[in-house]
Each structure stands twice: as structure tokens, then as C-alpha cells.
Amino acid sequence: MTRYFKKYSLHYRSLLAMGVPIMVGQLGVILTGFVDNIMVGHHTTAELSAASFVNNIFMLPLMFATGFAMGITPLIGEQTGRNELPQAGQIFRYGLFANGILAASLILIMGTLYFFLDRMGLPQELLPLMRPYYLLHLIGLVPVLLFNAFKQFADGTTDTLTPMFILLSSNLLNIIGNTVLIYGYAGFPEWGLFGAGVSTLTARIFTIVAGLCIFMYRKRYRRFKSGFFRLPSNRKLYRPILTMGIPVALQLGMETGSFSLSVIFIGWIGSTALAAHQAAVTFSTIGFLLYSGIGAAVTILISNARGSNRDHEIRPIATAGIHIVLGLILVVTGIMFFARQHIGYIFTDSPDVAMLVSAIVIPMIVYQLGDGLQITLAGALRGLGVVKPMVWIAFISYFIVSLPASYCFAFLCRGGAPGVWWGYPVGLSCAALLFFWQFHQNSKPEKIRH
């Protein structure tokens, strides 16, 4: 057994070296959102309600945009593996342009939605709080999408530390900004929710400014920069960026969309169920951020291996990634199981909500296996450049399987809110099995060479 794992030791080290900074950066983002909610909630409850609605509205376009940018990573990774660094810099240039175009498109769509806020049945007293906060988030789409492009470029070059430090610095800046602008400390005006929006926008602008400054002046990126500025225009590069980015965006968008739609089922059950669901979702992000860090590292290493003609390493890299994720799943599920009676009280004093959260934790534990495996295998498929099948797999798994299963367990089987959550392991396990089948078929040596 020891000999079996020893042959993967080099891949374990490489995956953790790249994956841990990604995890830490994502953890910082999640903790900042958590702190934002606490700080706004302590100012006024109405502002917390307004912020929650706007943040949920922007969740789907932000996840879609994140998926689109993730399509850049394997392209950069493959060029880096071939040591064609100027060409990788050229791809980054067109990746920035493509993300800028997507930002403009999303601003148009979300900007149109802004004019219909008063027709969504929202409490009228919340609208004056929502409107300026919504507009700040709308403007913030530009720096978010441009930084997404830089982050995926840096990850593709195996430099995952730089985006981590930028994200952590922006999170610290956001917390300081919230402190002075929400409550009016240090002579600043007390802007409440608007101050939180200004602080978030400032932190987002900082990320792309810092990223581009590092790209321009850091020695590591000198050869990439030569391709970014000096290689001639080649609009054909938009094609691989779109071919890779759009399917990943759709896959991630459908996964997020199915979870968002399942909230409707929770809403039918009642307000206690909604409160318990929100608490459980917040806690469940722990597993997601850990698994996605390893999934991103698998993408980087496999794309690098493809570029440098080390095809024999592709399956071992994916296998090593699965081993690490299985270990993380054991840790995460252990924490969830032993903390299940206490999780609800982190978010509320209500015994009813806390009891319901403890019941929801059981299906949450069960779905960790499917979630961890599908994230890792999706990363392996991105590294291979096999992204189109991910779209139909996501549609089948999340809309044809997961949502009907949630409805069936919740209402036909009278499972209530935990029943909705029992649909998640069914859909995620389906996705994991189909992703594994696709990876097995497409990681054969003759298929990779083709």
C-alpha cells in the first residue's frame, strides 16, 4: 500500500504547492463576504436584507464569468509547458479583451434588470437601499472580470501565489473600508450599505491594478509581456478562448443555477427552512473551496504535461488529485458530523433553525464525495481541453436529475428541507460518474495525441 502511494508523491507535492494558495485566496473571499454580512447586519437589518438580495442576484453572472475565465488556464498552461511564453502572453492579451467584452455584455443585461427592481415584489422600503448598492456592483463587474483573466493567466503559468496575495490584500482593504465607511469612523461619513458597496468596489479595482502592475514590472513575466505587446494581432485566438471558456461557463452556471432554483423549493416550506438553508449553504462552502483548489491545480498540471509531451503523467496527476480530495473529504465530513449540533447556533439563536440545520448536515455530508470528485474530474477534463461534454453532463446531472430528486425527496417523500438537500448527492454523484467516464475515454494515449 505504501509503495502504491509513494509513486504519486511528486504529484502530491506539486498539486498541494499550487492548490493551497488557491484555497487560501478563495477562503479569504468567503470570509470577507461573511464579515461583510455581519458588519452590515449590525448596522441595520434592512440593509442586510437589501445586501443579501443584491448579492444573490449577482451570484449567477459572477459564477458564469468565473467559469468563462477558467477556460484561459489550460491554454496558458499548455503554452507554458512548451516554453512558448510569448505566445502565452499573447493569449492573455486576448483573454483580457474577451473578458472585457463579457463584462460589457453582463453590464447591459444586469443594467436592464436594474429598471425592474420595483416590479419584483420587494418591500418598498428596501429599494432606496438596494439601488445605489446594485449600481456599485454593476460597475464592479469590470474589475472582477479583468482580474479573473489575470488570475487564470497567472495560475496557468503555475504562479498561484501572486493571485493569493492580491486577493488577501484586497480582502484586508475591504474590511478596513467597511469599518470606516459603514459606521463613519476616522472622520469618514456613515454611509451604511452604500459604504460597504464603495469599499467592495475599491477593493475590486485594487485587484486588477495590482495584477497588471505585477505583470508589467515583475521579472518573472518579462517573456510573457513581450508576447502581450509585441506579437502581431491574431483574432483567431478568440476561437480557442471562446471554445474553452463558454462550455466551462455554462457548466458552472448550470451547477450554480440548479442550487439557486432549489431555494424556491425551500421557500415553499417556510421561513425557518430558508434560514436553516442559508446557514447550511454558508457552512458547506468550506468543502467547495478546498476541492476547487485541488481541481484548479489538476487543470494546471495536466495542461502543462500536455504542452511538454508528458502524456504518461496525465492519469497519475488526476489520480493524485483524487487521492488528496478523498483525504480532504474525510476531514471535512468529520468536522461536519461532530459539529452538526452546533453549526446552526453560529448563525442564529433559534433552536428550531439550529435543529433543522443539524438535520440538513446529514445529506450535506453524503454529497461531499460526489462534489469533491466532480470538481477534481472537471479540472482534469479542462486540463485535457475536453470541455464541450461538460455542458450536457451538467444539464443532465443538475436539471434532469438533481432538481427532480430534490422535489421528490422534499414533497413526495415528505422530507422537507433536508429532502431538498438529499437531491444534491444524487445530482453531484451523477456528474462525477459522467465526468469520470469522459476522462477515462479522453485520457487514453492515442486520444491525447489526437
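From the backbone N, Cα and C atoms, a Cβ is placed for every residue, glycine too.
Sequence annotations record features per position, and here TrEMBL assigns transmembrane segment to 12-35, 55-76, 96-117, 132-150, 162-185, 191-217, 288-305, 317-339, 351-370, 390-413, 420-439.
When the stretches 12-35, 96-117, 162-185, 390-413, 420-439 are ranked by Cβ pairs under 8 Å to the transmembrane segment (288-305), first place goes to 12-35. Counting same-chain residues at least six beyond the ends of the transmembrane segment (132-150), those with a Cβ under 8 angstroms from any Cβ of the stretch are 50-51, 54-55, 57-58, 61-62, 65-66, 68-69, 72, 92, 95-96, 98-100, 102-103, 106-107, 110-111, 114, 117, 163, 166, 193-194, 196-198, 200-201, 204-205, 207-208, 211-212, 215. Proximity of distant same-chain residues to the transmembrane segment (191-217), defined by a Cβ-Cβ separation under 8 Å and at least 6 residues beyond the stretch ends, is recorded for 36, 39-40, 43-44, 47, 50-51, 129, 132-133, 136-137, 139-140, 143-144, 146-147, 150-151, 154, 162-163, 166-167, 169-171, 173-174, 176-178, 180-182, 184, 224-225, 228.
Here the transmembrane segment (420-439) has Cβ contacts under 8 Å with residues 255, 258-259, 262, 265-266, 269, 277, 280, 318, 360, 363-364, 366-367, 369-371, 373-374, 377-378, 380-381, 384, 386, 389-390, 393-394, 396-398, 401-410 of the same chain, all six or more residues outside its ends.
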